[in-house]
């Protein structure tokens, strides 16, 4: 008979932990938060020292009833929610609902869901840390005060359904500021000169560097001509050889932010998908005979620290697999996070290799686990040693430079290289063995015109990185923030980069005009610092909120009285309604744009926006092939005559038949390339870069 009750957030976590604890423990799930501020009202009493009015979340009544039923039967109750501020707040809300004593040591935390870690945590229960709870409460109340005051103003003055929040408004600002930089950018001309040189049977390239021992800018064609006219023949001399040994160290194990960035670059995962998969790996995977095991440590962390035991196990694995020379000699275990003394995201055991785990994981789970495992193991490997050489190739005071690099010892690069490095610094560039005074022959001198480029738009990975660098938000907020600005139609993704929409820019301009603090980066960073101080017990949460709200409410009053009403006109669709004959307009819905009758609400006719690709349906030969989106936002191709014709393809038909079997050909993406292949047989054409 179980006389100990353990409460966790999710059924998956409950199932894993119950197997470890045995028959004397009953483990049940709260299904996340059980209490929150009400949706129908502010829920914060600004006249009573910002007292929050928590209620049971709608739909959670049966869960709470079940929790209370089990709590009555239990001799002892343990609250085992996640080891962060959010988890601490969930534990506190549970203790209030179950009427547990505040002084009770009933809180258990573990950074990984393995048998040893879970059992050990139950030997050291503690009380609920109210400083962590207060930091989470303060964040929640601040966000509620901002959202519930600004949003109604935007509904009244701009459009219903809009919102503005502390972190999402700054994220939107970053996207818009970058777009304005691009709009205002004026390209500037510049030139380069590249020379191809021969030494014996070897060829190498070098770039123009100096004229008369000084940097010389090539701003236009005249500058280039001045250099090329000063050259006399094709003989050059090696005037300097600089050989160095360069050490490259591996990256630290993942934090939440770096995991989201690397998964976006290497696996093409969105931040939300990365966190969903990481949660599954953390909460437990059924390994059949080995039972259910959490494969990675807690995935919401800003720490790169690792435990001594994890470090030792990884080094033992490296020694056995690669040899002693591949084991790192560095003593540092990484930085401790700003929020808590968590560990980095790592495998719970290095010995559970990606190959061994493949049979138990879905394809995407395995890809993410492999990324986490390789990054962690590589972080404990020896640095790579590179031999670099710089050659100065000179004639008539005109200097070209060639840079070469070869890998002397691969070290960690045997296993893993960061995505951002793949394109640039890791390629070997061998130069011939040359010494000062050697003569080389120029076979080509090629000037090239260039123009400066504007800064690139944000990818999801770069936006996450920038939010982290600016210290805006927390590990748990990056993915929801990016989700929110997309769902509100404030930004859109084009070629995997964020572009602000007209609506996003209108909302931003209003918030900037009337609520300047909300979109101010420095203000948002300072607020995060104050939340950290609350968590550390150095600040009172009510004072922090009071100081903010006293000035904020004046901004709200000014906006209500001074903000002018903005009319956002619907974009004409270019066709008439087939029901009533009124013009159709383009609207934005939950799943993207659609056509609706301008005579709404008298006429409620709507139509999907169909994008044809200029190819006749290969199945019925009557309809057109159109681009559609699945519920998961994945593009697929179907027939415009659906449901009469049920043609469907994930790959884009090209409008030609296979010369071998006469089935239709499709354009299949392969990384950054694409290839025309047959949908039925093995026919394929050359890869298109």
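Using the three backbone atoms N, Cα and C, a Cβ is placed for every residue, glycine included.
Among the features that Swiss-Prot reports, domain 'Toprim' is placed at 3-113.
Within the same chain, the residues at least 6 positions away from residue 82 (Mg(2+) binding site) whose Cβ sits under 8 Å from its Cβ are 9, 90, 298, 300, listed in sequence order. Swiss-Prot lists 9, 82 with the feature Mg(2+) binding site, giving sequence analysis as the kind of evidence.
Summarising the annotation, Swiss-Prot assigns site 'Interaction with DNA' to 33 (among others) and lists sequence analysis as the type of evidence. Of all the Cβ atoms in the protein chains shown, 18 others lie within 10 Å of the Cβ of residue 33 (site 'Interaction with DNA').
If you look up Swiss-Prot, you'll see 129-557 marked as domain 'Topo IA-type catalytic'.
Taken from Swiss-Prot, the feature site 'Interaction with DNA' applies to 139 (among others), supported by sequence analysis. A C-beta separation below 8 Å, combined with a sequence spacing of at least six in one chain, links residue 139 (site 'Interaction with DNA') to 85, 531.
The DSSP secondary structure for residue 140 (site 'Interaction with DNA') is helix. A C-beta separation below 8 Å, combined with a sequence spacing of at least six in one chain, links residue 140 (site 'Interaction with DNA') to 36, 37, 52, 89. Annotation source Swiss-Prot lists site 'Interaction with DNA' at 140 (among others).
Cβ neighbours within 10 Å of residue 143 (site 'Interaction with DNA'), excluding its own Cβ and spanning all shown chains: 16. Residues annotated as site 'Interaction with DNA' in Swiss-Prot: 143 (among others).
Around residue 148 (site 'Interaction with DNA'), the C-beta neighbours below 8 angstroms that are at least 6 residues distant in the chain are 42. Here Swiss-Prot flags 148 (among others) as site 'Interaction with DNA'.
Residues or ranges marked as site 'Interaction with DNA' in Swiss-Prot (evidence: sequence analysis): 155 (among others). Same-chain residues at least 6 positions away in sequence with a Cβ under 8 Å from that of residue 155 (site 'Interaction with DNA') are, in sequence order, 161, 162. The DSSP secondary structure for residue 155 (site 'Interaction with DNA') is helix.
Remote same-chain residues near the region 'Interaction with DNA' (163-168) are listed as 142-143, 146-147, 150-151, 154, 467, 472-473, 477, 481, 484-485, 488, 507, 511, 515, 518, 524, 527 (criterion: CB distance under 8 Å, separation of at least six residues from the stretch ends). Summarising the annotation, Swiss-Prot assigns region 'Interaction with DNA' to 163-168 and lists sequence analysis as the type of evidence.
If you draw a 10 Å sphere around the CB of residue 298 (active site, O-(5'-phospho-DNA)-tyrosine intermediate), it holds 26 other CB atoms from the protein chains shown. Annotation source Swiss-Prot lists active site, O-(5'-phospho-DNA)-tyrosine intermediate at 298.
Under the heading site 'Interaction with DNA', Swiss-Prot lists 300 (among others), citing sequence analysis as support.
Sequence annotations record features per position, and here Swiss-Prot assigns site 'Interaction with DNA' to 488 (among others). Secondary structure at residue 488 (site 'Interaction with DNA'), as computed by DSSP, is coil.
Here the recorded sites are 300, 488, and the one whose Cβ sees the fewest other Cβ atoms within 10 Å is 488. A coil conformation is recorded for residue 298 (active site, O-(5'-phospho-DNA)-tyrosine intermediate) in the three-state DSSP classification, outside any helix or strand.
Look at residue 82 (Mg(2+) binding site): DSSP puts it in coil. A helical conformation is recorded for residue 148 (site 'Interaction with DNA') in the three-state DSSP classification. Summarising the environment of residue 9 (Mg(2+) binding site), the number of other Cβ atoms within 10 Å of its Cβ, over all protein chains shown, is 23. The distance from the Cα of residue 488 (site 'Interaction with DNA') to the Cα of residue 143 (site 'Interaction with DNA') comes to 17 Å.
Each residue contributes its Cα atom, and for residue 33 (site 'Interaction with DNA') and residue 143 (site 'Interaction with DNA') these two points are 17 Å apart. Across the domain 'Toprim' (3-113), DSSP helix (H, G, I), strand (E, B) and coil residues number 37 helix, 24 strand, 50 coil.
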